[in-house]
Amino acid sequence: MAMAATASATRFVAATSTAALHGLRSRSAPSCHRASFLFSSAKPRLVSFISRRHFVAPSALLKSDFQVREEGSPETLDYRVFFLDGSGKKMSPWHDVPLHLGDGVYNFIVEIPKETSAKMEVATDEAYTPIKQDTKKGKLRYYPYNINWNYGLLPQTWEDPSFANAEVEGAFGDNDPVDVVEIGERRANIGDILKVKPLAALAMIDEGELDWKIVAISLDDPRASLVNDADDVEKHFPGTLTAIRDWFRDYKIPDGKPANKFGLGNKAANKFMFVEKMAWCDIANLAALTGLTHASFVLGYEAGIHNFAIDGNLVPPDALVTLVQKGLRYVKMEANLDNNDVDSEDDFSFLQPLDLITKSVDELQIMVKAKREEKIQKESDRIKDNVHAREQEQFKGETPGGRQKKDGDQEDDKDKMDVDDDQGKVKERVMKMEKRHSQSKVKSKLGKHKVSRGPKQMDNTPSSQSLACEISSSEVTILEGHGSEIFACAWSPAGSLLASGSGDSTARIWKVPDGPSCKDVQILPSNVHILKHFKGRANEKCKDVTTLDWNDGGSLLATGCYDGQARVWSPDGELRSTLAKHEGAIFSLKWNKKGDFLLSGSVDKTTIVWDTNTWECKQQFKFHSAPIFDIDWKNNCTFASCSADNMIYVCKVGETCPLKAFSGHKAEVNAAKWDPTQTLLASCSDDGTAKIWSLKEDKYLHDFRDHSKEIYTIRWRPIGPCTNTSNQVLATASYDSTIKLWDIEHGHLLCSLNGHKDAVYSIAFSPNGEYLASGALDRSLHIWSIKEGRLVKTYQGPGGIFEVCWNREGDKVAACFSDKMLFLNNIITVMDFRM
């Protein structure tokens, strides 16, 4: 066994040498021990803060060489816990803290203290790998219940994703550090480094990846001397191994996911197996020391050093470390390729690594500007050529009356490139897609539901009919200018102004020309107002514009930003006020109808009502225990808010306690909307349900469970004198790629609109309530007839859609298309709608 382990360690040294050359990217192998035999970790961070407190180790030396420092506010997106060396310089807890302490004792880094539920983890894809709170869809993550043990990682360990463990169903490693569950009685702090001895291990299989949980105990624990293996744990900590297994088996169930599995007969590995595996780390460490010659050869060969005449005597000490640091900075800058902004001062993504080392900043900026202009021109020419080619192809496939000769479903982007006139192949693709959607509906019907079924669901998969109503690129006006993803757009209620908010740290107000939309419409610079949310450099990551809202008269636009500030602008782009009181990103903003209050909801777990006469905080509400995702006014002084804490609160300006607290969702509540009559409140959640609430009842009136995945957003159909509708209908959009319409009076499903192929992020009813627009990550914008339950218009864009919206008249639809890989695909499209 020793010989085999040594051979594996030699392969490990070569691998890490190559990794050092290319720079450590996200989830790549660190310069550490490759635990391909036992260790693995999908890092399900399982804890939250008791009373929302953060247990962070003080900035005192944990041992002679290490200390920690917090940066940013706890429970915000920018919060980090950095590790510092003895001189106060930042270091990596994963790469730089030693693993072995001798005599079977190891260093253990605490990420999540016991009795908490915030999902903290080492950021393996960031410089210095600090500890941060994990996110999902830009939202901080929490778990619905606390973990009962200290949880973290072993430094300098890594689970090899290319190694299949034959002892545990052949599962591969998960490309993460090794997880540890420490069972001592003391609650540790975030960033504590404890001396532990391993006792046992559980072979968890998380979504097909082997995720061992190493059970250990701190040497400082009073009972540490009593336990040395799994049998001792059963004797002195009865039921603990079973409790740990059950906790990790079931922690995903509240999110609607299946339970995790365990190998080795569902039992903990005994001491002999575990020690045998742990010995491999010691052998690997020894092999790394004795294999430096081979490692140097591999590094030199991979770098091509033999091709250069370099005098080694002239190479300064720590040159390799310096070059790796610069390489990491280069990788970081390369990631900003999509941040195209004329004010950018630090976009070096067009440069060669040697330029970063040898040239000054001024020289680099000149090179970047020239190369960016060249790239934009080439990309513009390429797009024009592609558009011309598609139009020629479309012209060939049309009859003089303009109808498409061939029927078929929407193809993927690759299919569109390969499309031909073979009717049989087109029909074959249509049949396969229809079969896939019918299977998903059958699966949905087999589930358990608490509501009646109502009419038979309609199959709204795009077919030959949908191709006949496809909107061509010549009928669309494209608004270009944003340099990053576009998160939000909204028409002014007073005219033809369209506002948009982007990750490029700007919002924009576009004056859309009257008349038909078409590709030849040009938006003059004088008809675009750029609302800058930065003072120096553009594309600041904390300046993403995440939400915006017009007041009822269209005289003011409010924008919410990642920096925690709300800003108020005039229609001509003048900044009227900056509202700074939140301590975290703002995800939602809403004016009341009267316009005297502006409501904001933040990651800092609070909502604030702003007095628009003085632009001061009227009242701050602190009832939620996790980030707030959505808010909505019931009337001019009462509103609802929903949060990642699974709760919904109804509050009133001037009141110190909530009017109502609705609990019933089992996961994050993504949206909450009042119906047009302002009597019913709808909500949707990551638990896959939508619920209807009334202030007269403590429990929900309806519980809609037909979606198979998370529901991201909801909308009520308009009713009233300007519509042809009177019955209450709610639309829900889900990650399962469907939109469902619900009859609220009878509490049942009306129909399911099944035309998208990916998560649906945005839906919007037309002002008259007869049509519904939907946008999804599959790059498609669909418009549906509510009365007929069918697709009537469709448009395929260049990227995923974050938001769709109708203008006041209901004759134009706007959509935000975004593509992180290519900034030219971050556009807004405006198209006409007539039936």
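Note that Cβ sites are derived from N, Cα and C of the backbone, with glycine treated the same way.
In TrEMBL, annotation is done automatically, which means it is predicted and not curated.
Small disclaimer: the values here were computed from a predicted structure and weren't measured.
For 375-396, 404-437, the entry in TrEMBL reads compositional bias 'Basic and acidic residues'. The compositional bias 'Basic residues' annotation in TrEMBL covers 438-453. What TrEMBL records for 375-465 is region 'Disordered'. Per TrEMBL, repeat 'WD' is recorded for 479-512, 545-570, 579-620, 662-703, 704-752, 753-794.
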Which sequence positions outside the repeat 'WD' (579-620), separated from its termini by at least 6 residues, show Cβ-Cβ distances below 8 Å to it?
52, 73, 75-77, 138-140, 544, 546-553, 556, 558-568, 626-633, 635-637, 639, 641, 643, 645, 651, 653-654
Taking residues 6+ outside the repeat 'WD' (545-570), which of them lie with a CB under 8 Å of any CB in it?
76-77, 138, 487-488, 490-495, 497, 499-503, 505-507, 509, 531, 533, 576-580, 582-591, 593-595, 598, 600, 602-604, 610, 612, 615
Sort the residues of the repeat 'WD' (704-752) into helix, strand and coil with DSSP and give the three counts.
0 helix, 23 strand, 26 coil
With DSSP as the reference, give the number of residues of the repeat 'WD' (545-570) in helix, strand and coil.
0 helix, 16 strand, 10 coil
Mind looking up the mean pLDDT for the repeat 'WD' (704-752) in the predicted model?
91
On the DSSP side of things, how many residues of the repeat 'WD' (479-512) fall into helix, strand and coil, could you say?
0 helix, 19 strand, 15 coil
What does the DSSP secondary structure composition of the repeat 'WD' (662-703) look like, as residue counts for helix, strand and coil?
0 helix, 21 strand, 21 coil
How many helix, strand and coil residues does the repeat 'WD' (579-620) contain under DSSP?
0 helix, 24 strand, 18 coil
Could you put numbers on the helix, strand and coil content of the repeat 'WD' (753-794), residue by residue per DSSP?
0 helix, 24 strand, 18 coil
